[in-house]
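These notes concern the structure reproduced below.
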Amino acid sequence: MSEAIFLTFPDGSVRSFPAGATGRDVAESISKSLAKSAVAIAIDGTVQDLSDTVADGKIEIITRKDGRALELIRHDAAHVMAEAVQELWPGTQVTIGPVIENGFYYDFAKNEPFTPDDLPKIEKKMKEIIARNAPFTKQIWSREKAKEVFAAKGENYKVELVDAIPAGQDLKIYNQGDWFDLCRGPHMASTGQVGTAFKLMKVAGAYWRGDSNNAMLSRIYGTAWADQADLDNYLHMLAEAEKRDHRKLGREMDLFHFQEEGPGVVFWHGKGWRIFQALVSYMRRRLAVDYEEVNAPQVLDTALWETSGHWGWYQENMFAVKSAHAMTHPEDKEADNRVFALKPMNCPGHVQIFKHGLKSYRELPIRLAEFGLVHRYEPSGALHGLMRVRGFTQDDAHIFCTDEQMAAECLKINDLILSVYEDFGFKEIVVKLSTRPEKRVGSDALWDRAEAVMTDVLKTIEAQSEGRIKTGILPGEGAFYGPKFEYTLKDAIGREWQCGTTQVDFNLPERFGAFYIDSNSEKTQPVMIHRAICGSMERFLGILIENFAGHLPLWVSPLQVVVATITSEADAYGLEVAEALREAGLNVETDFRNEKINYKVREHSVTKVPVIIVCGRKEAEERTVNIRRLGSQDQVSMGLDAAVDSLALEATPPDVRRKAEAKKARAA
């Protein structure tokens, strides 16, 4: 064994330590305060226990301020919760307890399932365990010992987990005082480092290993954060998210509904369909100059999906259909017995359109766009309003270009995506490049070239944004058929939504034999770029509803203005106001009911009407209007003509407004 090991620190300095030194030893050599605040170490990027011996490499000391500490806090909180449950209900079996987004859960085998009333008791016991500050210590057990000990404790699920661990792999046991669990780790130094910024959120049922043929377990979800302020912010965000839930607002605003006969497909009501069409119309205008809109069939022979690879890679997520006649009349030799599939993606259809007719390099790039209805199977339990459906519309486009055109096309797509997001009020955008996964098609040379181009594009995006756009790399997260950019936007309450993608595809052009004639009169395979901006139009609409809490921008709102009268004497003038607004292009309804004006205003506010114009005897005499805005107590009095002009301008989509302003500037 070497007499010394050499560690490189984040500042570039290199120090030697005796062989056998642990992460804690390294932290203590720097300062006692660092050793006290340290929760783990990272060697060459891999997070490890503080008690682990270190080897040559790059070392980082992880404290609670480090983003990586959050996963450790949540992981340890799950273990503390499991110990608390077994102290409160002896005989309960623990199964698995992973970290998930924003928290953790643990599944338990218990005779009687947990109820929400149990959660405060468990939280109290967890705080007791945390206060004990018991150290986390790691042991390596043999398979035989682990099975024997867990079997003796009646932990049958743990025995099954031990059996599932591959032979030759270490079996790690982590102790926290007298309690222990089978776990890969890593963990922090002690239960005390979990802190008290946690909350148990809910109970649920879950099948063992997610299989409905297995036993039903009792699951407890929790969340944990580095400090109380972060926990409070998260809980506030959840409360806001509940108020903004698009399913609730969709009912209140009479936009859409779902029902059992069509699980995961939307029944659009008139107002909801208006929003959807406004979104499609806007996107269609943005594509009018550079793209050719096409439409590929929704139902295609599975032979095509076999060629594309979807039938092999994606079959479980597809809907297959066969004619009822062929199924009920097998004796009919003329019947079409083929199996067809509803398209889950638009790309194979677009390749067929590209292939139809010889293409020259002079015609490239060819950009094909479609608002294509696609269908993908999702388990019933995964369906979630507009956010997770089985039938949805993709704002899909596919660009066929030369290798040399790839960078320019990616930048052009980026400009369009960012401009669209900005028009909808999204300012905080993150663009990340996902690179080659282990399992992939295409040669290393192809990947090298594509990743080099996209890395340069990412640098250009960052430079052009002057810091407004954050960028990053997701190693190994690319699709099997090519690297991609992922666009994530942040909404009004801080949630992140991954929407846009720019995806290079080495697979489909080769599978379908797509080519163009290059400058040497040779057949050459084009570069194919998949592009989506909203992604699922339904999901994007759901994001908009939640981002604006139903108070959509006037140009997207399905009902833009309600004209309400105070007295029947103003009804004739109210009709005149409504007609003037309609002539200016606004969606308007009138409310001349014999109800008090405050009642009318409250009622229309619930349905999120953005503008209510109130007309009484005074307004009729003076030919003015009283404007009330959703969410504001202010009342603005304006002349009718000025009000119509102002609201018409506000209701003009931003892209149309820009064109008008540019035309005006040219004429000046």
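Placement of Cβ uses the backbone N, Cα and C atoms for every residue, glycine included.
Together with Cys347, His530, Swiss-Prot lists one candidate of His269, His384, His398, His604 for binding Zn(2+), that being His398. Take the mean position of the Cβ atoms of Cys347, His398, His530, the recorded Zn(2+) site; other residues of that chain with a Cβ within 8 Å of it are Met345, Asn346, His350, Val351, Asp396, Ala397, Gln503, Asp505, Leu508, Met528, Ile529, Arg531. DSSP assigns Cys347 (Zn(2+) binding site) to a helix in the three-state reduction.
Model confidence over the domain 'TGS' (1-64) is summarised by a mean pLDDT of 92.
In terms of DSSP secondary structure, the domain 'TGS' (1-64) contains 14 helix, 28 strand, 22 coil. All protein chains shown were included, and the count of other CB atoms within 10 Å of the CB of Cys347 (Zn(2+) binding site) stands at 27.
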